[in-house]
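J.: Once you've had a glance at the structure underneath, I'll fire off some questions.
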Amino acid sequence: MSEITQQPAVATPPVYILDPHANRTKEEDVDLSHTVGKLPTWTTIQESLGTRTGWLGDYDYGFLCMPTLPGFTKVTRIPPFFGLKDRLPLVLAIVMGFQHALAMIAGVVTPAVIMSGSGKNGLNFSPAMRTQMISTSLITSGLLSLVQITRFRLGRSRYFLGTGLLSVVGTSFIFLPVLQSSVANMYASGFCPSTVDSTTGNITYMSCPDAWGAFLGTCMICSFLPIILSFVPPKVLKKVFPPIVTGVTVMMIGVHLVTSGMGQWGGGNGPCKANPKTGPFINCPNNSAPRAAPWGDGQWIGLGFLVFSTIMIVEFFGSPFMKNAQVVIGLIVGLVVAVACGYTTTESVDAAPVVTFLWTRTYKIGVYAPAVIPLLITYTLAMVESIGDITASCEVSQLSVEGREFESRLQGGILADGIAGMMAPLFMNSPMSCYAQNNGIISLTRCANTMAGYMCCLFLVLMGVFSKFGALFLMVPDAVLGGMTTFLFSSVVVSGIRILSFLPWTRRERFIVAAALTLGVGTSVVPGVFTHMFHYTGTNAFVLSLINSANIVLDTGFALSAITACLLNAMLPANPPMAAEPIIDRHGPIPSDKEIQEMNIEAQSIR
């Protein structure tokens, strides 16, 4: 088993770190000019391209590639830490950037695959349209990450755009439940076309590009909220949206997504999920597909479990590089087996052009009023979540998490997320926000250098431009995707649990979380349970819009949880001293009632 130790090897590692504080003046510390991205000098370019040190350096590349095998022990020196502006060898920058891109691919591509898929919650796009959505997602992620990483000053003001860290942005999962609820409501209201088989009663949902355009336009309007809130001090935002609210909401987003992932694992979320006895969808994904089988068949469960078990094996025995790309490795293994066993066709790859870019396919931008309230909640949550992600990025980059520079990076990061929420829909893609998983790569590889971030952006754009690459994801059977996405979505649940774990678990906190989860989990487990209360047969557009808005909120578990947690957190008073539950050391003397009361008062003052 591989072991990492602090004992250095015989050779002294080269010093790559160039102290960014060495020549900084007091004025620069005040105006934060050192945090803004700058173009490399000609001398720097010559040193990087014209010398062996500039290309390779003396980095221990075996650290990234050495697997952890049973019975095999190797002592590996901890690699040097590369800060934001340190000199990074080009080969290492390429390797690190590729690793970050691999860690992001599954997260960036999966929302596009699910959104464009079949069924009442999907857009039911053609293979060519789905491929373009995937390519657009990759290209948009690469371009908008450049803004976040580089960091720009807004004129001569004290405000900035971007964090200046290795902060990458990707298609956010948290917008997926809103789209699914909105699309389901659009099909139910007749906004999107569908047909009913008079013999079997099966519903066939037609492609609905207008739904995608309406969703994108609504996202652009709602993105003004995080842009405005980016100029509010982060301390105020944290007070308005405390961990008890964000933790419950993030957890419920994960729960909703896990249900979608398990549906894929069983064979797909299309019409076959209802296990009809007649019609073209008796088998998944349809009767004419290669090796079609009923939803929940053992072969689908086995394919998904193959991906899931591969992820587990890589975690046990993989090298650091493999562990950071374990989800993609699991997907590749599942795809290889699916191709070898005849589960796939080349329809999507054949339909994809060799090269593509943004706006190759456009949609009619509109506004879907019923989705406004859920999207405002979602944007607010994405903003608060970004605060945590940026804070983690500062920590793993060995930067301070307090003071003016830290708050400035938060302000710039939130503003960049808001701008990304507006620009991504203009690029015909779902809104984007900071990705947290890249912080784990920084921590493990000890490389926080922005050059690695630029290389990551380059790889993402190239993967999107060469659209045959994106089309490969559409070859993957739904069960293989389900084994991957369920694991990804479960990590979202864990993120919410982690936020809640830091709460002082008194009766008040337990009550708020329980009340929020009652509505959120109930709606996620039994979709549509609250959407049959309103009956209106009139034609008033305003009333219809209100009913549709209410139905979307009532059918979106995380929105119900967020609203409930916010209201109860604002209305319920703090626990009285004797109602709190102190932690008592049973191995020592039991404190008196007066001591318990003093402990409770002190705990409340800390909160």
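Placed from the backbone N, Cα and C atoms, the Cβ positions cover glycine too.
Got these off TrEMBL a minute ago, pasting:
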type	residues	note
TRANSMEM	90-114	transmembrane segment
TRANSMEM	134-152	transmembrane segment
TRANSMEM	159-179	transmembrane segment
TRANSMEM	211-233	transmembrane segment
TRANSMEM	240-259	transmembrane segment
TRANSMEM	300-318	transmembrane segment
TRANSMEM	325-345	transmembrane segment
TRANSMEM	365-384	transmembrane segment
TRANSMEM	452-474	transmembrane segment
TRANSMEM	480-499	transmembrane segment
TRANSMEM	511-530	transmembrane segment
TRANSMEM	542-568	transmembrane segment
J.: With an 8 Å cut-off on Cβ pairs and a sequence gap of 6 or more, do the transmembrane segment (159-179) and the transmembrane segment (240-259) reach 3 or more such pairs?
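T.: Yes; at least 3 Cβ pairs under 8 Å.
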J.: Does the transmembrane segment (480-499) reach the transmembrane segment (211-233), going by 3 or more CB pairs under 8 Å (6 or more apart in sequence)?
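T.: As far as Cβ distances go (cut-off 8 Å, pairs 6 or more apart), the transmembrane segment (480-499) and the transmembrane segment (211-233) do not touch.
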J.: Give me the stretch from 90-114, 325-345, 452-474, 511-530 with the greatest number of Cβ pairs under 8 Å to the transmembrane segment (240-259).
T.: 511-530
J.: Any residues 6+ beyond the ends of the transmembrane segment (452-474) with a Cβ under 8 Å from its own?
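T.: Residues 82, 88, 92-94, 96-98, 100-101, 104-105, 108-109, 113, 127, 130-132, 134-143, 145-146, 149, 166-168, 335, 348-349, 351-357, 481.
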